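Here it is: the structure, laid out below.
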Amino acid sequence: MVLAGKRILLIISGGIAAYKSLDLIRRLRERGATVRPIMTSGAQQFITPLAVGALAADYVFTDLFSRQDEQDVGHIRLARDCDLVLIAPATADLLAKMANGLADDLASTVLLATDRPVLAAPAMNPKMWANPATKRNIATLRGDGIRFVGPTSGEMAESKEAGTGRMAEPLEIVAAVEMRLDDGARPLAGRKAVVTSGPTYEPIDPVRYIANRSSGRQGHAIASALAALGADVTLVSGPVSIPDPMGVHVVHVERAEEMRDAVLCALPADIAVMVAAVADWRVASAADQKIKKHPGESIPTLALTENPDILKTVGHHTQRPKLVIGFAAETQDVEANAKAKLERKGADMIIANDVSPATGIMGGTRNSVKLIRHDGVEQWPDLEKDEVAARLATVIAEQFKPE
Ligand code: C5P
């Protein structure tokens, strides 16, 4: 009963989908929430404050400059005296105002003044949703911590056009509201993470390749731990024999270049954790056919060329995630090497471990690491890789705590 006793400030803006907001109010209230409505002037062209007020059993706020309302409640209190601000439908216009911090009516002013979580259910024509301006605004709002439910695809109410732009159905919105209110246990909810894991296979010819002993256990565990805290995780995995983690979007790749492309495809993201043991070099020109052994002929030599450094690419990218974390598997001078790597790769943190054969870390289930930041080093105890992952996910969540 997440919704019982919760106070939802419902902003209805002007789109035909506003008719669904009437049902939404009922669904929220039957789950025990109280709903306080704000309507824009556009919304009042589609549905009436009388209908909204009757279903919400509350006063409907419409006017920024109403002397009576300002005395009774005031827009600042309206913005704060709630557990969640829900915008349904959220028009392209209102989203654009929000993305730019405009406040020229009650709804946009409340949105600028609120310190509560905000969930928006966009609804607009598919061309408007696909417009680069709307895309920019949505990306900005996501970065600001605004969350979205929908839009979905299907036929538009007002025309025969089909595409993405329909407002999510009331029950989907209710589910999203419940999830948003439950975010305390999911501190990374709404954050996007990209994680690399496993080795890469660099082909020599169609049957042979250069690889390494990485099992993918640490990277997969980190992807899982981030998902458990609510992050939307893309795991880009090299060839491994362990199963895909649950609740994570997995992209399987083989070569370093494929891994780089998949990682860049997952941007923009808030978090990048590059755990994969990417081959530093690949064969300069892999043979199309199996290289044959001919008696008496000289032994072939492999000419190598450098692979892209994925961590460094991400660390210096124009869409650099807020938090970029790398790993440093070293067999000597672990700390000094990791510190140098932090600078060189443009990372915020490096998890350094000693992978000398005697430690049994590479391919094993335990790990003993140091967390290296620009301002200090933390030695972690000897832990299972799952525990290292959970601990790292907590460190990451700390960076995204609301101020
Ligand atoms: O330079 P080194 O391989 O020691 O750096 C390790 C870190 O850089 C790891 O986080 C690894 O995932 C990442 N890396 C990468 N692309 C490479 C080489 C390393 O992302 N080509």
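The backbone N, Cα and C atoms fix where each Cβ goes, and this holds for glycine too.
Computed from a predicted structure; not experimentally measured.
From TrEMBL, here are the annotated features:
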- ASP280, LYS290, PRO308, ASP309, ILE310, LEU311, PHE327, LYS341, LYS345: CTP binding site (BINDING)
- 6-178: domain 'Flavoprotein' (DOMAIN)
- 188-398: domain 'DNA/pantothenate metabolism flavoprotein C-terminal' (DOMAIN)
- 1-192: region 'Phosphopantothenoylcysteine decarboxylase' (REGION)
- 193-403: region 'Phosphopantothenate--cysteine ligase' (REGION)
Using a Cβ-Cβ cut-off under 8 angstroms and a sequence gap of six or more, which residues of the chain neighbour ASP280 (CTP binding site)?
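Same-chain residues close to ASP280 (CTP binding site) (Cβ under 8 Å, separated by 6 or more) are GLU306, ASN307.
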What same-chain residues, at least 6 away in sequence, bring their CB to under 8 Å of the CB of PRO308 (CTP binding site)?
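Non-local contacts for PRO308 (CTP binding site): ALA256, GLU257, ARG260.
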Give me the long-range Cβ neighbours of PHE327 (CTP binding site): same chain, 6+ apart, Cβ under 8 Å, in sequence order.
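The answer is GLN218, MET274, VAL275, ILE350, ILE351, ALA352, ASN353.
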Provide the three-state secondary structure of ILE310 (CTP binding site) computed with DSSP.
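Once the DSSP labels are grouped into three classes, ILE310 (CTP binding site) ends up as helix.
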Using DSSP and three states only, what is LYS345 (CTP binding site)?
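Going by the DSSP assignment, LYS345 (CTP binding site) falls within a helical segment, counted as helix.
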Need one number for the CTP-binding residues ASP280, LYS290, PRO308, ASP309, ILE310, LEU311, PHE327, LYS341, LYS345: the maximum pairwise CA distance in Å, whole number please.
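The CTP-binding residues span at most 37 Å between Cα atoms.
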Between 0 and 100, where does the mean pLDDT of the domain 'DNA/pantothenate metabolism flavoprotein C-terminal' (188-398) sit?
92
What three-state class does DSSP give ASP280 (CTP binding site)?
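It is coil.
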Mind giving me a neighbour count for LYS345 (CTP binding site)? Other Cβ atoms within 10 Å of its Cβ, every protein chain shown.
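Excluding its own Cβ, LYS345 (CTP binding site) sees 20 Cβ atoms within 10 Å.
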